[in-house]
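Written out below as C-alpha cells is the structure these notes cover.
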Amino acid sequence: MAIITATKTPDRAAPLGERSVIGWIHKNLFSSWFNAILTLLTGYLVFITVTGVFNWGFTDATFVAENRRACYDNSLTGACWAGVIDWLDNIFYGRYPRDQIWRINVGAVLLVLWMAPLWMGRVKGKVLVGTGVVVFYPFLAGYLFSGGDKGLFMQVMVSGAIVALIANTANMLTGVLWGEFLPDFVLRVLGKSTAPDKTQRNILLALLFVVFTAVFVWQLSWTVEFVSWTKWGGLFLTMVISGIGIASSLPGGILLALGRRSKLTVVRVLCVAFIEVFRSVPLITVLFMATTMFPLFMPEGFVLNKLVQVIIAVILFNACYMAETVRAGLQAIPKGQYEAAHTIGLGYWRTTGLIIMPQALKHMIPNIVGSFIGLLKDTTLVSIIGLFDILGMLRSISKDMPWLGLHKEPLIFGAFLFFVLCFSMSKYSRHLEVKLSAGDQH
Amino acid sequence: MTIELTQAQLASAASSEVIIEIVKMNKWYGSFHVLKDIDLTVHQGERIVVCGPSGSGKSTLIRCINALEEHQEGDIIVDGIKLGKNLKNLDHIRTEVGMVFQNFNLFPHMSILENLTLGPIWTRKMSKADAVETAMTYLERVKIPEQADKYPGQLSGGQQQRVAIARSLCMNPKIMLFDEPTSALDPEMIKEVLDVMVELADTGMTMIVVTHEMGFARTIADQVIFMDEGDIVEQSGPTEFFDNPQHERTKLFLSQIL
C-alpha cells in the first residue's frame, strides 16, 4: 500500500528544554536526584575555594609595605604582594640599567607598531609585512637593546630596519585610509600608474635609495649606551629568548620537515639524524651542552656569549619538535593535491609553498601554537644555567634581605603572568583556526 | 546531430598530425606488471575513450602521459617531446597536458578564482588581470561564473568537477586527460559534467577520457579502447566497438555494463 503525504508538514518550535535557560539548567544540572546533589556539592566546593583564595589574595593581602616583617604586622593570613610590587622593575627588565629601560619599552612598542598591519583587513602586502618583521626587526631591536658603537654592518642593517619600519607604517596608513598598497599609492601620487613596469620599478628603487641614504646619514648622528647581555633579565629576557625561538623554530622546522621527506637520500638521512638526536635529549641537557661543551669544540679564543649559545640551543631543539609537527601536517595532505599542482605546471617549491604548506600549517595550527606555548614555558629552564630570566628573578626575591623567604607570592605572580601569555596565545590560535577554516568545510 | 558530429570528428582526425605516440610501453608497480607493451597513437583533435574493468591499468595509462607515473620501458612522445627523467621537459609537458581527476583535487584553501588563476600566473607568467579575465571566460563556459568567489567546499560535486575542468583549460593545454571524471558524482550531477565535456569536444580539443559512461563514449569518441589486465584488448571506432565487438572479453564487459 502506498503512503502519500499530500500536504507539506509545517515546522514546529523545539521543545522547551532545548531552548530556555531553565530548560538547560534542568537538563544539564538537575536531571536526577543524584545529579542535583552532585551539582550542589560541587557548587559548595567551588565557593569555599574561591572565597579562600580571594580572602588570601585580596581582602587580607598587603599591597604596600617596607619589608616582609611589615607585611606580617599588617596581616598574618594574607598575601604579601608588596614584595612583588617592590620588585616589579626587576621582574620585567632584570638588571637592565634603570635609566635605559625606555629602550626596552620602545623596542616593544616598535614591534607592536610593526606587526599591527597584520591584523588590519584593509592593509595590503601582508606577506611583505610579515617577512619585514622577521628579517629586519631583530637587528633594530638587537641594537636598541645592546647598544654601543655600530659597526658598518649594524649601521646598514639598522638603517635598513628603520626604512622598512617607515615603509611599513606608511603602507599601513595608505592601506587603512585608501585600501591601497604603498607602491601603488606612490605611483598614483606621482602620476606614473600607467608607466611601463620597468619605469615604475626604477622610480620606486630611486625613492627607496633616497630614503635609505637619508636614514643612514641620520643614524650616524646617534648611538645608544652599551648594555652588556649579562644585565638582561626578567620577562624581557624570557621574551627575547622565546621570541627569537618562536620566530626561527617554525621556518627551521619547515625546512627540516621538508628535508625529512626529501627524495635526496643524503638530505633525508641528515635531517632524520638531526631531528632524532635532538628529540631524544632533554632540553636542559641541550642547554648544558651548548654552554659548557660547545665552546670546547670551537677554535681557541673563539668566544660566543652565553646568551647566544642558549638561543641557538633553544632554536635547534624546538625546530626539531616543530619539524615533526609540520611533517604530521604534510602527511595529512592527500596525494591528489600534489598531482593537481603538478598538472598545472607547478614545480616542487611552488607546489610546496602555494599548495601544500598553507594547508598543512593550517591543519597544524593547534599543535604549532602548542609548541610555541611549550617553548615559552621551557625558556624558564635557562634560570638553571645562570641566566636571570623571569623565573630567576622571581626566585631571587626570596633572597633579597627585606623580602627574605618570600616564595609563594612571586611564584604565583609568575604563574599568573605565564597564564596570561599562554592563554592569549591559545585563544588567538583558536581564533585563527576559525577564521582560516571559514568557507572551507569539506 | 550525432551524424554531423561524427563527420566533424572524422575530418579533424584525418587531417591532423600525431600529438601523442606511445611505443611498446611497459610499467611495473614493484613486481606487478600494470601495463604491457602498450602501443597507441593519438592525432591532434582526436577524442579517445578508454574503458575496462577496474585494475586494468587504464588510469595508469593516462597518468603516464603527463608523467604523474613513470614508465620503465618503451617510449612516450607527447607534443614532440620524449618523456624521461629530464625535469625541464616534464614541466613543459605538464603545462601542455591538462588533467581532470576523479576526486576533483581543487585546492581547498583558495577561492574558485584563485584556483583558476594560480597556474596561468605562476607558470604561464600571465599578469593577474589577464589571468582573471581568462578564468572568467572559462567559468562562463562551464556555466558557473557566479561561483568565482566561493571556496571549493561550498560547491556541489558537479560544480567542483566543472571548476576542475575550467582550471585545466585556463592553462590553454593542447591535450586534456580525464580520469573517471564522473565516477565520484551523484547521478543528477553526472549530466552537467558530461555536457561540459561534450561542448569541449566540439571545440576540437584532443581528449583522452577514462570513463564508464558508455552513452557519452558513443557520442563523442573517435576511438574506443578496451583494456584488460594491462593490455589494450580492443581498439575501434565507437559504432564498431559497441555494435560489433570482436574480442570475447569485450563482449563480456559490454554485456555487463550496458
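In case you wondered, yes, glycine gets a Cβ from its N, Cα and C as well.
Per TrEMBL, the feature domain 'ABC transmembrane type-1' maps to A:235-429. Annotated transmembrane segment per TrEMBL: A:33-58, A:100-120, A:127-146, A:152-182, A:203-222, A:234-258, A:270-290, A:302-321, A:368-391, A:411-428, in sequence order.
Each of A:33-58, A:127-146, A:234-258, A:411-428 was scored by its Cβ pairs under 8 Å to the transmembrane segment (A:368-391), and the highest score goes to A:234-258. Taking every listed stretch (A:33-58, A:203-222, A:302-321) in turn, the largest tally of C-beta pairs under 8 A with the transmembrane segment (A:234-258) is reached by A:302-321.
Put simply, of A:127-146, A:152-182, A:270-290, A:302-321, the stretch with the most CB pairs closer than 8 A to the transmembrane segment (A:203-222) is A:152-182. Contact counts against the transmembrane segment (A:127-146), taken as Cβ pairs under 8 Å, peak for A:100-120 among the stretches A:100-120, A:270-290, A:302-321. Ranked by Cβ pairs under 8 Å to the transmembrane segment (A:270-290), the stretches A:100-120, A:152-182, A:302-321 are led by A:302-321.
Sequence-distant contacts of the transmembrane segment (A:152-182) (same chain, six or more residues past either end, CB-CB distance under 8 Å): 110, 113-114, 116-117, 120, 122-125, 129, 132, 135-137, 139-140, 143, 188, 208, 211-212, 215-216, 219-220.
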